[in-house]
Amino acid sequence: MKISRRHLLGTGLLGSVASLLPTSLPAAPPVGAKSGKVRGVIFMVSDGMSHGVLSITEAFSRQVRDCPTRWWNLMSEKSSFQGLMDTASGNSLVTDSAAASSAWSSGHRIPNGQINVDANGRQLQSIGEAVVAGGARLGLVTTATVTHATPAGFAAQTPDRDAEDRIAPQYLNRAEIVLGGGSKFFDPAQRADQKDIYADYQAAGYDILRTRDQLLAAKSGKLLGTFFPGHLPYMVDREQDAQLQANVPTLAEMSRAALERFLPSDQSFLLQIEGARIDHAAHANDIGAIVREQMAFDDAMATVLEMIADHPDVLVIATSDHGNSNPALNGTGAKYGQTNEHFKRIADIHCSHEKLLADWTAKNGNRSDLQEMIEQGFGFRPDDQEAEALLATLAGKAFIQWSHQLSNPPGLLGQITGNHTGTGWTSVSHTSDPTAITATGPGADQFAGLVRNDHVRGKILGLLQIA
């Protein structure tokens, strides 16, 4: 079934930007469940997912897997509700992930770059602290560092989102399940202060996990799993590396591990699951990476929906914190007759922009070397003009574009790839568009229509019956 999507009409100029950001409005009051008791809430975040990511990934999944995505199917099911998330932050029409997650969590719109700390420096209670104080359990699962902005927003406070070393200790006895990347913020050998944060968690009863095998073998109980020094590698790179496949779990595997600990219990819970690298791929204008990251997120959604099938008291919400670079599939050829043929070339991309640019920096060859490297990684050979433009940009010489957003290596590489795949991008930055919401389960109707990001906390706590 095809799902139509309506675009919100933009408002007129109603004064200054500040007047468009009603930060002084109080958070929405908790709203009680309308359709059955809610024991658990699974809040799934496809970080940086513009609407185009959904449609492009749906087409890509049908092409390479001969099946639709689970999210696309869920939108057509009568049990699900659709909405749009109003994503503004406290100081900008365009939010960052820190302010977005904090709005969901604290019920307040705050300045970009801060986590649950308002413009006056006041620390705000996170939703994770609230649910734990109310007797519920909290889990955080991500493909980023576990201390990155989106998971941190649900359980930490800091005026600087980049202070991940200071975020790492804050999950202790707040989140029972913490799974993702970021070992460098817990390992004394990699921390500037040489503190052993792992030891603190272990003393509090957490199992410390560093590999996929350890996760799959872990017994019930509290888990701290960090499976890479930084963010987990892109799926497009993981698919080409047997060692990464063996050592680094997928988002679906981490989600399953969390739910295996939460679902059998009668205790209430809140579980955040983030596909973080969708956002990173969008910043990099990396079409090959973004569709595979979104498919990995979709696999996690399929796992979640399968596991809760016999748990009618669990609500699932899938959304995004903001758009990013607004990727789209453009019609190509006469009467758009070459669109499908060009789109199929995405399947031939076997490395991320991140890896290709890192490999090029190490090689630092000539134009022919660059063309060969792109051909091996992306499945097409850029022409001489494309390669020369990219070489100049990599050397720090801005390639002249009317859009300054695209006058950089990621933006230019995205445009070159777009010449061969039919895809396009508007920028390398976040966007202001409202994001998709799909919810299913008890209380799902509360996420239909237009939902402000700072009203999410009240809805979730109300459904969990936590004051």
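Cβ atoms are placed via backbone N, Cα and C, with glycine included.
Bear in mind that TrEMBL entries carry predicted annotations, made automatically and left uncurated.
TrEMBL lists 1-27 with the feature signal peptide.
Residues near Glu274 (Mg(2+) binding site) in space but far in sequence (CB under 8 A, at least 6 apart, same chain), listed by position: Met44, Val45, Asp47, Val141, Thr142, Thr143, Ala144, Thr150, Pro151, Gly180. Residues or ranges marked as Mg(2+) binding site in TrEMBL: Asp47, His148, Thr150, Glu274.
Look at TrEMBL and you will find Asp47, Asp279, His283, Asp321, His322, His430 tagged as Zn(2+) binding site. Asp321 (Zn(2+) binding site) falls within neither a helix nor a strand when secondary structure is assigned with DSSP, and so counts as coil. For Asp321 (Zn(2+) binding site), other Cβ atoms within 10 Å of its Cβ number 29.
Summarising the annotation, TrEMBL assigns active site, phosphoserine intermediate to Ser97. Taking all protein chains in view, 29 other C-beta atoms sit within 10 angstroms of the C-beta of Ser97 (active site, phosphoserine intermediate).
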* Express the distance between the Cα positions of Asp321 (Zn(2+) binding site) and Ser97 (active site, phosphoserine intermediate) as a whole number of Å. => 6
* What's the CA-CA gap between His148 (Mg(2+) binding site) and Ser97 (active site, phosphoserine intermediate) in angstrom, rounded? -> 9
* To do: Would you mind reading off the Cα separation of Asp279 (Zn(2+) binding site) from Ser97 (active site, phosphoserine intermediate), to the nearest angstrom?
  => 9
* Asked: What three-state class does DSSP give His283 (Zn(2+) binding site)?
  -> helix
* Can you tell me the three-state DSSP label for Thr150 (Mg(2+) binding site)? -> helix
